[in-house]
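Worksheet: the structure to be examined is printed underneath.
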Amino acid sequence: MSKTYHFIGIKGSGMSALALMLHQMGHKVQGSDVEKYYFTQRGLEQAGITILPFSEDNITPDMELIVGNAFRENNKEVAYALRHQIPFKRYHDFLGDFMKSFISFAVAGAHGKTSTTGLLSHVLKNITDTSYLIGDGTGRGSANAQYFVFESDEYERHFMPYHPEYSIITNIDFDHPDYFTGIADVRNAFNDYAKQVKKALFVYGEDDELKKIEAPAPIYYYGFEEGNDFIAYDITRTTNGSDFKVKHQGEVIGQFHVPAYGKHNILNATAVIANLFVAGIDMALVADHLKTFSGVKRRFTEKIINDTIIIDDFAHHPTEIVATIDAARQKYPSKEIVAIFQPHTFTRTIALLEDFACALNEADSVYLAQIYGSAREVDKGEVRVEDLAAKIIKPSQVVTVENVSPLLDHDNAVYVFMGAGDIQLYEHSFEELLANLTKNNQ
């Protein structure tokens with residue numbers, strides 16, 4: 001039976017994906033959010049989903065309300081629902097109920113969730129009818145689907161309502177210092193989540209924290225080293241992607257190619273292969289569809305402007321920065337790697353300042369944008385982007401949206417824009433600068 005859903009905070013990456021999924025399943029979907037443009041809204045607009053400004057008038061009693069985790073009682077629509085005793089569900093609570101209708105495949109981990117969810121979704125949907133929800137704002141819904149693939153987020157322990165059949169856990173790392181007290185707190189959260197997985201867990205076997213995870217379901221370890229249950233080996237990394245074999249219990253289960261770059265993407269693919277092998281999916285079909293994966297939004301997204309290569313990536317943690325730069329070097333081994341990075345949140349910048357500097361030193365040159373503060377925090381003046389610049393050994397300087405011209409001081413370079421805030425504004429400024437150079441040279 002068709003329902004009417006109203007999303008409070010529909011532009012959030014998970015929220016927009018869920019909205020698209022429910023829309024495709026035949027439900028009536030609308031939502032509200034702030035006016036500022038966010039990259040997820042293009043998909044919503046293309047689907048014909050109405051996006052409204054926040055207003056009490058948006059809510060009627062016949063609607064099912066789904067509220068984004070960033071919106072609290074001070075939001076006028078949330079306040080209205082509470083005042084009139086109109087029930088609503090948080091995104092993660094709704095998802096926990098929704099997945100009960102499917103055989104569910106979850107992807108959790110500090111880094112690589114979105115790319116791995118995207119890869120697993122792509123392979124499975126090309127083999128059989130599959131619904132999925134990816135953290136880049138992409139979702140697909142089918143009322144007849146047997147399988148559901150989704151991203152499982154650890155922030156504020158939002159993954160605790162989830163009880164999937166299968167789950168990949170890519171890694172454990174200290175992040176979200178505004179919520180987690182340290183690495184032990186992060187590990188405990190993942191351990192509690194792991195206990196809820198019903199059939200099997202697939203975890204990176206070379207992660208010391210992950211190896212401490214205990215769960216009732218069987219745990220399969222994947223990685224590069226002998227001793228793992230699923231081992232990626234005979235690896236060839238080229239400018240066209242990565243080729244490798246995977247063995248399980250001493251037997252080769254397939255030879256695979258992914259058109260993706262960086263060691264982390266080989267690990268992501270191995271996790272997907274392991275999960276689908278245990279779930280009984282034909283490995284020949286898996287190999288066929290791995291070859292055609294085109295990536296997810298804001299994860300190593302490339303464009304060429306005026307013969308200049310620009311890469312856009314969501315990387316906002318030191319581990320992710322290292323992985324993104326590694327991928328750029330694999331694809332463009334003869335080019336200078338220029339990193340343009342915007343720190344995301346003051347709490348993360350303070351907690352990981354030294355690690356950010358070490359990670360950015362993997363690039364050849366570094367440019368920094370002003371720190372992007374979260375809506376949940378206040379700038380107390382405890383850290384400035386200049387503090388990070390001072391710790392970077394490689395050539396580095398701070399740039400503004402209004403003046404990105406220092407980036408032109410490089411020949412034969414690849415420009416890697418990284419961040420989870422509004423780093424795309426800096427990227428667009430650079431693209432305009434390049435386009436104007438073309439016009440002036442004509």
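Note that Cβ sites are derived from N, Cα and C of the backbone, with glycine treated the same way.
Per Swiss-Prot, these features apply:
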type	residues	note
BINDING	G109, A110, H111, G112, K113, T114, S115	ATP binding site
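Locations of recorded Swiss-Prot features on the structure.
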residue : record           : CB count, 10 Å
G109    : ATP binding site : 25
A110    : ATP binding site : 23
H111    : ATP binding site : 21
G112    : ATP binding site : 25
K113    : ATP binding site : 24
T114    : ATP binding site : 23
S115    : ATP binding site : 27
Under DSSP, is G109 (ATP binding site) part of a helix or a strand, or is it coil? coil
